[in-house]
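Feature annotations, courtesy of Swiss-Prot:
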| type | residues | note |
| --- | --- | --- |
| TOPO_DOM | 1-24 | topological domain 'Cytoplasmic' |
| TRANSMEM | 25-45 | transmembrane segment |
| TOPO_DOM | 46-72 | topological domain 'Extracellular' |
| TRANSMEM | 73-93 | transmembrane segment |
| TOPO_DOM | 94-108 | topological domain 'Cytoplasmic' |
| TRANSMEM | 109-129 | transmembrane segment |
| TOPO_DOM | 130-163 | topological domain 'Extracellular' |
| TRANSMEM | 164-184 | transmembrane segment |
Amino acid sequence: MKVSAVETGEISQVSAPRKGMIRGLSIMDFILRIVAAIGTLGSALSTGTTRETLPFTTQFVKFRAVFDDLPTFVFFVTSNSIVCGYLVLSLALSFFHIIRRSSAAKSRILLVFLDTVMFGLLTTGAAAAGTIVYVSHYGNVNANWFPFCGQYNHFCERISGSLIGSFIAVVIFMIIILMSAVSISKH
């Protein structure tokens, strides 16, 4: 009488590394979501609180720069805030994937879909703000847009710095989406 592979335990030895890899991917996913949430929160707060008033004024005009003077920066702050909120809410599902490895394929597919949507939102916000920051640093002579970062140094430094956190979150989203796709393929 032959002994089957299930009775000898050979199948469980083959599937054990796969489960360990999926758990490792889930833990990495959780950590990356926290880092991306911190990056988007920092970008939104840094841009949302940026304002500078020049020390000289005229009788009727006060020279100031505030982030909401440009709709692009408003969109940047809004997109970073939405993505940060999503990342905080998705931490619960990511933690669920760490605890319960089985029957999580459907929720992983949902997360990949929502991650892709948030990736697009974050990328468009960061790219639009990056364009305005570039024009404010270097100007565009053909369109008669002159650089104003020579006058508003503090404003431009904070806006430029906030782009770093947002673009780091974009890269992290790419990694999260790829890791989720690998994890789904292993199920």
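Using the three backbone atoms N, Cα and C, a Cβ is placed for every residue, glycine included.
A Cβ distance under 8 Å defines the sequence-distant neighbours of the transmembrane segment (25-45), meaning residues of its chain 6+ beyond its ends; these are 76-77, 80-81, 83-84, 87-88, 90-91, 94-95, 97-98, 101, 122, 162-166, 168-169, 172-173, 175-176, 179-180, 182-183.
The helix, strand and coil residue counts that DSSP assigns across the topological domain 'Extracellular' (130-163) are 23 helix, 2 strand, 9 coil. Same-chain residues lying 6+ beyond the ends of the transmembrane segment (164-184) with a Cβ under 8 Å from its Cβ atoms: 22, 25-26, 28-29, 32-33, 35-36, 38-40, 42-43, 46, 76, 80, 83, 97, 105, 108-109, 111-112, 115-116, 118-119, 122-123, 125-126, 129-130. Sequence-remote contacts of a segment are chain residues at least 6 beyond its ends whose Cβ falls under 8 Å from one of its Cβ atoms, and for the transmembrane segment (73-93) they are 30, 33-34, 36-37, 40-41, 43-44, 47-48, 67, 107, 110-111, 114-115, 118, 121-122, 124-126, 128-129, 132, 159, 162, 166, 169.
Note on the topological domain 'Extracellular' (46-72): DSSP counts are 8 helix, 12 strand, 7 coil. Residue counts of the topological domain 'Cytoplasmic' (94-108) by helix, strand and coil are 10 helix, 0 strand, 5 coil (DSSP-based). Long-range neighbours of the topological domain 'Cytoplasmic' (94-108) within the same chain, counting only residues 6 or more positions beyond its ends whose Cβ lies under 8 Å from a Cβ of the stretch, are 19, 22-23, 26-27, 29-30, 33, 180, 183-184, 187.
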